[in-house]
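Undergrad: Provided herewith is a single structure, encoded as structure tokens, for subsequent inquiry.
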Amino acid sequence: METKKDFFLECYQLGIIKFGRFTLKSGIESPFYVDLRPLASDPKILKKLANYMLDMLPLDNFDLICGVPYAALPMATAMSLESYLPLIIKRKEAKQYGTKKLLEGIYTQGQNCLLVEDVITSGASLLETIPEIENEGITVSDIVVVLDRQQGGKEILENKGFRVHTLFTISEVCSILKEEGHLSDDEVERINDFLAGNVVKFKEEKRISYEQKLDLCDHSVAQKLLEIAIEKKSNLIVSADVTTTQELLALAEKVGPHIVALKTHIDILIDFNSDQTILPLKDLATKYNFLLMEDRKFADIGNTQELQFAYGMYKISNWADLVTAQVIAGYDSLDCFRNVGVVAILGMSSKGTLTDSSYREEATKIALSHPNVFGGVAQNKIPNELLLFTPGINLADSGDGKGQQYNTPEHAFAQLETDFIIVGRGIYKSNDPEKSALTYRIAGWKAYEQSL
Ligand code: S5P
């Protein structure tokens, strides 16, 4: 059976909470941002949400149900459909014509109305809405809320005699997200600080710039990548996970001006042909000045990797500027990658990955000491001597339903001090990949500059 925690994680996938640095309407800086409106766009989730909310209540107490405009309107509607409680609609502003009514629907004086709210912060919007309903002769005794931001609103309303039922609190949600690896200790601490009413201290330590990294990283491919980043003002790598040569080349043409590297999974192409795939791809790489990164994630003994790297139909060693490799087979297994740069897989972005901290520590030691390795793929900070590549970046989603877990460029730069963001579906699945690439490039560069 689905638990409330599972349900929350399902909701989280819709991108309802973002972590980073947000300036609220009041001017205060918050370490998180909540917007529950996406819940209404997933009918299954909305229906489940309605039932979770109704389950918390003694329904016999109510004659009517009403949502605080606008975000709670679909929630109240769904709850009405699930419970047969009649819905009334509260306007934000009275009509300028006709009845000038603030409440629409069928109701009579003396009825008790259940109020629905998406998020409760200070309680201000509820304190504004309740008298407007009560002015129509309707009573309000209970308020049901999806998420309590724990900033005093619930207590204010309870002190005025209302019963406030909340499905989730922000602390509960944070501990779920921490458990699932979506939040670091630092972030949780900052959120707790914020909830305790303190002005949050966002870390002011400076990361080192691409120019400083140029002095620190001596691998020629690392230097080339950094030079391109500085020249193009971009830290974006597009993951071209498409399955035909035509799509690959079309995508490279569109995103080429905005990227430092194009990441391929060359073995997913159904029509790979060295002359027709690689030659034009290399031309585009020269035309737009980006590198080719083959995300092969080698994971075998040195001898086999050497064959996989240089032989077979893909002949990766002939065209890739950099490759990804697991370090599972140990230091010597990486010796075969001559003439390319290796980005070691230190930690993965997927749910339940086995790359725990002790694995990452050992893998990082190998990455630091092997001359072929100049970077790492990880979801945590790595030493400055290595360039950090962070996949699992998406501005719109927080997951893909297949285990992928997404973060924003802001998170990757502010929390992980990443060097390069890797974006796949956020770009190649969008209606306008060129425009999306530009959006991610700007977001990535801004996040980099802000982290300096
Ligand atoms: O931990 C990882 C490592 C990699 S290289 N998680 C990842 O998602 N990747 C790759 O990045 C993955 O193979 C895919 O090509 C890309 C992410 O694609 P997206 O569509 O989820 O952005």
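Placed from the backbone N, Cα and C atoms, the Cβ positions cover glycine too.
Found this in TrEMBL, in case it helps:
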type    : residues                                                                                           : note
BINDING : Lys25, Arg91, Lys92, Lys95, Glu117, Asp118, Val119, Ile120, Thr121, Ser122, Gly123, Ala124, Ser125 : 5-phospho-alpha-D-ribose 1-diphosphate binding site
BINDING : Thr121, Arg149                                                                                     : orotate binding site
DOMAIN  : 235-440                                                                                            : domain 'Orotidine 5'-phosphate decarboxylase'
Undergrad: Measuring Cα to Cα, how many angstrom lie between Thr121 (5-phospho-alpha-D-ribose 1-diphosphate binding site) and Arg149 (orotate binding site)?
TA: 5
Undergrad: Would you find the one among the binding-site residues Lys92, Arg149 whose Cβ has the most company, meaning other Cβ atoms within 10 Å?
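TA: Of Lys92, Arg149, the one with the most crowded Cβ is Arg149.
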Undergrad: Within 10 Å of the Cβ of Ser125 (5-phospho-alpha-D-ribose 1-diphosphate binding site), how many other Cβ atoms are there?
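TA: If we count other Cβ atoms within 10 Å of Ser125 (5-phospho-alpha-D-ribose 1-diphosphate binding site), we arrive at 19.
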Undergrad: Please give the average pLDDT for the domain 'Orotidine 5'-phosphate decarboxylase' (235-440) in this predicted model.
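TA: So the average pLDDT across the domain 'Orotidine 5'-phosphate decarboxylase' (235-440) works out to 96.
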Undergrad: Cβ distance under 8 Å to Glu117 (5-phospho-alpha-D-ribose 1-diphosphate binding site), same chain, sequence separation 6 or more: which residues?
TA: Gly67, Val68, Ala72, Ser125, Leu126, Ile143, Val144, Val145, Val146
Undergrad: Work through the binding-site residues one by one (Lys92, Val119, Gly123) and name whichever has its CA nearest to the CA of Arg149 (orotate binding site).
TA: Val119
Undergrad: Check the binding-site residues Val119, Thr121, Gly123 for other C-beta atoms within 10 angstroms of each C-beta and report the one with the most.
TA: Gly123
